[in-house]
Amino acid sequence: MKVVLLVCLVWMMAMMELVSCECWSQADCSDGHCCAGSSFSENCRPYGGDGEQCEPRNKYEVYSTGCPCEENLMCSVINRCQSA
């Protein structure tokens, strides 16, 4: 019984964390983050660092798999951040 309660508690904490990071637009995210994901599970994610997955910046600020790169980096044709 204790194990079941512990699992439920951990699950609830994980769900609360996911909900607290949800976003509807870029304005919902703090500096250094973008709103990315599918239309049902968008959340604030950090901008890509050197070698990390990225999506090119776009005028609509809509990203599905990842954020654009951090400043001074560019998103390559293979969707990885690299030096500009």
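Even glycines carry a Cβ here, placed using N, Cα and C.
According to Swiss-Prot, the cysteine that forms a disulfide bond with Cys34, out of Cys8, Cys67, Cys69, Cys75, is Cys67. Cα proximity to Cys75 (disulfide bond) (within 10 Å) is found for the following disulfide-bonded residues from Cys29, Cys34, Cys44, Cys69, Cys81: Cys69, Cys81. A straight line from the CA of Cys29 (disulfide bond) to the CA of Cys35 (disulfide bond) spans 7 Å.
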